[in-house]
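Participant: As annotated in TrEMBL:
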| type | residues | note |
| --- | --- | --- |
| DOMAIN | 34-109 | domain 'Protein kinase' |
| BINDING | LYS63 | ATP binding site |
Amino acid sequence: MIKVDESDPIGELEPSFPYKDITIRRGVDMKEHYELQSEIGRGKFGTVFKCREKATSLMLAAKFVGIVHKQDRRNVEREVEIMCELQHPRLIQLYDAFEANNAMCFILE
């Protein structure tokens, strides 16, 4: 059985950054705005790197997902919509999104 701690920890629920409405930036190279660093992990749907926003020096994660088929694009666009709707301090938040060269890049906290 899984037990969930529903207590409200003090100071732990502050968001890393203010929530904002995300629009996918198409044809824009994410490297214009972010500096890629080391690889964090790799999975079935993509690869995740540590990255730094050039304008603010904020440390984030960049998840790259390949788009091969039309359905892949629809699925990724839907994921962006869902992530924008689900705003809670205990969920990973979407910070930015790019599409270029048959790949989507999510910038995440």
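Every residue, even glycine, has its Cβ placed from backbone N, Cα and C.
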Participant: Which residue counts does DSSP give the domain 'Protein kinase' (34-109) for helix, strand and coil?
Facilitator: 16 helix, 37 strand, 23 coil
Participant: Inside 10 Å of the Cβ of LYS63 (ATP binding site), count up the other Cβ atoms and send me the figure.
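Facilitator: Taking every protein chain into account, the count is 21.
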Participant: Taking every residue in the domain 'Protein kinase' (34-109), what is their average pLDDT?
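Facilitator: Averaged over the domain 'Protein kinase' (34-109), per-residue pLDDT gives 92.
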